[in-house]
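Feature annotations, reproduced from TrEMBL:
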{"type": "DISULFID", "residues": "Cys45-Cys284", "note": "disulfide bond"}
{"type": "DISULFID", "residues": "Cys197-Cys212", "note": "disulfide bond"}
{"type": "DISULFID", "residues": "Cys309-Cys320", "note": "disulfide bond"}
{"type": "DISULFID", "residues": "Cys314-Cys345", "note": "disulfide bond"}
{"type": "DISULFID", "residues": "Cys347-Cys356", "note": "disulfide bond"}
{"type": "DOMAIN", "residues": "305-357", "note": "domain 'EGF-like'"}
{"type": "CARBOHYD", "residues": "Asn301", "note": "N-linked glycosylation site"}
Amino acid sequence: MDGLGHGSCPLVVFVICFASVLGRPSSLLTHLLFFSMWNTPTEQCTSRYGIELDLSVFDIGHNCDQAFMGDNITIFYSDKLGEYPYYGIDGEPVYGGVPQNASLDRHLWKADNDLRTDIPDLGFHELAVIDWDKWKPLWERNWDAKEIYWNGSRALVKAKHPTRKPDQIEKEAVREFEDASTERPGGFCGFYVFPCCYNYQYKKNEMYTGECPALEMKRNDKLVWLWNVSSALFKICNLTKMVCVTHRCFQEDFVHTIGESVALGAASVVLWGDGNYSQTKKACVAVRDYLDDTLGRYIVNVTEAAFLCSQAVCLSKGRCIRRDPSGMAYLHLDPLPGSVTSFRCQCFPGWEGEQCQKPVPVEPFT
């Protein structure tokens, strides 16, 4: 991967869980066992340098001409969807600063217009990701540089109730902030990063296991309103740059990101990268070789393995997921003998039972 910095392992991996398991309506995508989506703006590789990335060989979905925004996946950043309130670099409030001081009507009106512009197809049934990181929807997560949202919320309460004591102001500020936050998502597909465990200490903690702390699980439970209005959950596996010069090293990265996700029942991964991957001809060649020699082959492997396991274990009516989430069983072709017994079924909507053999009515979503 010399074109992108020697030995770097490119692309951020979004892990997607379709929220049919959360009671949301099902669609064609929720019944696909596993699929991969390309969200890296590599259209210039073909148009400018004549370097073609043939994603179809590996059955990787993508936007028309491999554009970043398009018919199969769209990412909405902070300035592209509605009027999300935030504080600017100089501390000046924009659109009210905090959610409880913003206009919901104006936000929804602009969001509707933005959606019509970026997703004009009313029949759009693919992936939409909202990437918003100015503030977190939980009060206690807005610390350090985000403390301005605490202060703004307190100031609002104090202005309305000047005689209240500090602890009363704090309690009311928390309630108003989190209540107002719940109004913002509307009916959009999903929010980038959430749910999050904030367990990023793998470089500092020798005992790091990757497990989600109990406190963060409890905090994620408080975001049930977010899960209820999301039709997909977008987790992230961020591959940091490392010296990685052998096929085996790349393979281990794939196993611990994509492979782990498939084994735990993820419906899809999105392979995200920025404009650096098509900035030069050398970069385009590096991405093409990486795709052809390593990444694409692994995706074909796990995609086919997920299909075969579903066919054998779940009668093609559900996904195979690990019986023991912390186990070491993976959905790979040519697995170890008996490894399929390490998996159970997560049935698609309309089916239940050990092998998803029993049809059941699908309750309408309300």
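Cβ coordinates are placed from backbone N, Cα and C, and glycine is handled just like the others.
Each residue contributes its Cα atom, and for Cys314 (disulfide bond) and Cys320 (disulfide bond) those atoms are 7 Å apart.
According to DSSP, Cys347 (disulfide bond) sits within a strand segment.
With a 10 A radius on its CB, Cys347 (disulfide bond) counts 20 other CB atoms from all the protein chains. In terms of local Cβ density within 10 Å, Cys320 ranks first among the disulfide-bonded residues Cys45, Cys197, Cys320, Cys345. In sequence order, Cys320, Leu331, Val340, Phe343 are the residues of the chain that are 6 or more apart from Cys309 (disulfide bond) and have a CB within less than 8 Å of its CB. Cys356 (disulfide bond) has Cys345 as its nearest neighbour among the recorded positions Cys45, Asn301, Cys345, going by CA to CA distance. For the disulfide-bonded residues Cys212, Cys356, the greatest number of Cβ atoms within 10 Å around a candidate Cβ is found at Cys356.
Cα spacing between Cys212 (disulfide bond) and Asn301 (N-linked glycosylation site): 28 Å, rounded to the nearest whole number. Neighbour density at the Cβ, taken as the number of other Cβ atoms within 10 Å, is lowest among the recorded positions Cys284, Asn301, Cys314 for Asn301. Counting residue by residue with DSSP, the domain 'EGF-like' (305-357) contains 13 helix, 12 strand, 28 coil.
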